[in-house]
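Noted in TrEMBL for the protein shown:
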type	residues	note
DOMAIN	B:4-117	domain 'Tetrahydrofolate dehydrogenase/cyclohydrolase catalytic'
DOMAIN	B:136-276	domain 'Tetrahydrofolate dehydrogenase/cyclohydrolase NAD(P)-binding'
BINDING	B:Gly162, B:Arg163, B:Ser164, B:Thr228	NADP(+) binding site
There are 2 protein chains.
Amino acid sequence: MTLIDGRAIAAAITAEVTETAAKLRESGTAPTLAVLVPTDDDATAWYVRSIERAAKKVGVDCRVVQLEKPTGADVTRELDKLSADPSVHGIICQTPLPEGVTLDDVGAHIDPRKDVDGANPVSLGRLTAGLPTYAPATAAAVLEILKREQVALSGAQVAVVGRSTIVGKPAALLLLGEHATVTVCHSRTKDLAAVTKAADVLVVAVGRAHFIGADHVKPGAVVIDVGTNPTPEGGLVGDVDQAAVEEIAGSITPVPGGVGPVTTSLLLRHTVTAAQS
Amino acid sequence: MTLIDGRAIAAAITAEVTETAAKLRESGTAPTLAVLVPTDDDATAWYVRSIERAAKKVGVDCRVVQLEKPTGADVTRELDKLSADPSVHGIICQTPLPEGVTLDDVGAHIDPRKDVDGANPVSLGRLTAGLPTYAPATAAAVLEILKREQVALSGAQVAVVGRSTIVGKPAALLLLGEHATVTVCHSRTKDLAAVTKAADVLVVAVGRAHFIGADHVKPGAVVIDVGTNPTPEGGLVGDVDQAAVEEIAGSITPVPGGVGPVTTSLLLRHTVTAAQS
C-alpha cells in the first residue's frame, strides 16, 4: 500500500502559491487573508496560528481579527466590513460561533468573491451548478489529492461517507464533475460495507475515529481519510483504521499529514486567486 | 405493477393551492406568477399556455411577458424589473434563450424570494446546504411523488440517472436530505444496469426515449420517469421503456401524466408560498 504524502502535495501547491504571491507583491498587491476569530477556544487558536505560519511562508498576509465575547451581530458586522475592505482578498470565519449567529449567517455575510472556504450559499450553488467558484477547502483538497495522485476518476465508482455541507456533499459534487459515479453514504445507510467495498475511491468524512475498517475497503482502492479525531494522548487519528486496511487499500492518506496540509495550502491558493481577480 | 397517477397527485396539491390562493385574495393579495418568454418557439408557447390554464384554475394570476427578438440584456433587464415589482411573487423564465445570456445569468437575475423554479445559485446553494428554499420544480416533483406514494426513503438505496443542474443533482440532494443512500449515474457510468438494478428507487432524467429497459430495474422498485421525449407521431414518451419494465417494477410514473403535472402544481404552490411570505 502507498501512503499518500499530503505534506508533499501541499508543498507543491505552496510553491505555486508563493510564486503567484510574489508576482502580486511586485505589482503592488499584498494578497491578504482575513481570519475572523469570534472565540477564545484553544483548539481554534492553535489552528489559526497554523494558518498564520503557512500564510507567512508563501507571502500571504494573514489578518487575524480576534473578537472578545462578541454577539452574533458583531460577527456579521465584522464580516460585512471585511467584505467591503479592498485590502482584503480572502475571508474565513472560525468556530465555535457565539449565540445569535449561525454558520449560514456567516456564509451569507462573506462576499462570494472573497469566499475562499466556500461558505456562502452562492458559492455552494455555483459548485452544484458546475460553475467556477471557491469550493470548501477541505472538499477541494480531496479532489486535489486525487488529481495529483493521477487517480482515474471518469467512470470510477466513488463512495463518499458523510454528507456534511462543508465536506461530504461538496466533495461528492466535485467528484461528479469529474465524471465519477458517486454514492453518498451516511448514518442511515443500510449495509455500509457493501457500498464502500464496491468503491474504487473511498472518501471518508464522518468524524468518528477508526469508523472504517478492513471489511469496508475494496482491494486496491484509493482511500481519502478526511477525519481528524483527537486521541486521549493528544494526537490525531482519522476516520479510517489505517492499520486494519493497509493490507487491502491501494493507497491512503495518513492522519495527520494527509488532507489537512493540502486544505491549508488550498485556502492560500484561493486567496491569491482572489487577489488576482 | 402500480401506475402512479401524477394527475391525481397534482389535483391534490392543486386543491391545497386553491385554498391558500383564495385566502390570499381575501386578504387583498392576488398571488402572481410572472412567466418571461424570450422566444417565439412553438413548444415553449404550448407549455406556457398549459401553465396559464393551470394557474387560472387555482386562482393564481399568470403574467406572461413575451419578448420579441430580445437581446440578452433585454432578458436580464426584464428579470430585474419583475424581481423589483411588489405585485409579482414568483418568476420563471422560459427557454430557448437569445444569444448573450445564459441560464446562469437568468438565475442570478431572479430574486431568490421569487425564485419558484430554483434557478438562482443562491437557491441551489441553500438546497445543497439543506436550508429552506425553492427547489427546481421538477426535482421537487420527484420527491413529492415519492412522499405522497409513501415510499420509505430513509436508508433506501436510490439511483438517480442524469446529473443536470435542474433535475438530477437537485433531486439527488433532496433525496439525500430524506436519508436515502443516493448514487448519481450518468453517461460515463460503467455498468449502469448493475447500479440501477441495486436501487429500491430509480429516478431517470436523461432525456433519451426508452433508455432504461428491463435489465436496469430491480424487482419491485419504484421508478420515477422524468423524461419527456417527443415521438415522431407528436406524442411523448419517457426515458423508461414502460412496456419492458412493467412486469418487474413495483410502481412507475407514466409519461405523460406522471412527473409533468406534479411539476406544474408545485410551481404554483411555490408561488402562493412566496405570496404568503
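Note: Cβ is positioned from N, Cα and C throughout, glycine not excepted.
Recorded features from TrEMBL, shown on the structure.
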residue	record	Cβ contacts under 8 Å, 6 or more apart
B:Gly162	NADP(+) binding site	B:Gly168, B:Cys185, B:His186, B:Val203, B:Val204, B:Ala205, B:Val206, B:Gly207, B:Val226
B:Arg163	NADP(+) binding site	B:Lys169, B:Ala172, B:Val184, B:His186
B:Ser164	NADP(+) binding site	B:Ala205
B:Thr228	NADP(+) binding site	B:Leu236, B:Gly238, B:Val255, B:Pro256, B:Gly260
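Note: B:Arg163, taken in sequence order from the binding-site residues B:Gly162, B:Arg163, B:Ser164, B:Thr228, have a C-beta within a distance under 8 Å of a chain A C-beta.
Assigned with DSSP, the residues of the domain 'Tetrahydrofolate dehydrogenase/cyclohydrolase catalytic' (B:4-117) fall into helix, strand and coil as follows: 60 helix, 16 strand, 38 coil.
Taken residue by residue, the domain 'Tetrahydrofolate dehydrogenase/cyclohydrolase NAD(P)-binding' (B:136-276) breaks down under DSSP into 52 helix, 26 strand, 63 coil. In the predicted model, residues of the domain 'Tetrahydrofolate dehydrogenase/cyclohydrolase catalytic' (B:4-117) average a pLDDT of 97. Those residues noted as binding NADP(+) (B:Gly162, B:Arg163, B:Ser164, B:Thr228) have their most widely separated CA atoms at a distance of 16 Å.
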